[in-house]
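Reviewing the structure listed below.
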Amino acid sequence: MQTTYRKLTKNKKIALVAHDHCKQDLIQWCQTNRTLLQPHILYATGTTGNLIHQETNLEIKNLLSGPMGGDQQLGGLIAEGKIDLLIFFWDPMNAVPHDPDVKALMRIATVWNIPVAMNIATADFLISSPAFQQETEIRIPDYQGYLKERLK
């Protein structure tokens, strides 16, 4: 597949998601990194976003809760180029009813090559990267080229 580049601005659009058993870890991580997160545009699935806002006072654009379609909403935003990175603390020890949605979200994040952190260590590495604080580019699929090929 052909690729092109997408610019990520200095102020990133960050999606925050956590399974129930991981919500407190994500809230604590957001509290610890509040100063670093504040200048960015933050999105979250419903319950997670409300809890983060209550505990940190960070401004959050809340979507639906994951099981009610929030993971799917995030996937759509990623495909539209409206999310720059995903912080998703998921619980590998417990299945959730919306596992297919979670898998679809991870797949679409990979297709569109956005940085994904699935645990505290990776999230710490991601936000300590120089690219987090500056404008950068990521390579993404060239959808127009893909469509042109498919329509031949």
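Cβ atoms here come from the backbone N, Cα and C positions, even for glycine.
Annotation comment: Swiss-Prot describes D71 as active site, proton donor/acceptor. For D71 (active site, proton donor/acceptor), the same-chain residues that are 6 or more apart in sequence and have a Cβ closer than 8 Å to its Cβ are V17, T45, H98, D101, V102, A104, L105.
According to Swiss-Prot, the substrate binding site annotation covers H19, K23, T45, G46, T47, T48, S65, G66, H98, on the basis of sequence analysis. Under DSSP, H19 (substrate binding site) is assigned to coil, being neither helix nor strand in the three-state scheme. The Cβ of H19 (substrate binding site) lies under 8 Å from the Cβ of G66, F89, W90, D91, N94, V96, each of these being in the same chain and 6 or more residues away along the sequence.
Taken from Swiss-Prot, the feature domain 'MGS-like' applies to 6-152, supported by sequence analysis.
According to DSSP, the secondary structure content of the domain 'MGS-like' (6-152) in residues is 75 helix, 28 strand, 44 coil.
Counting other C-beta atoms within 10 Å of each candidate's C-beta, the binding-site residues T45, T47, S65 are led by T45.
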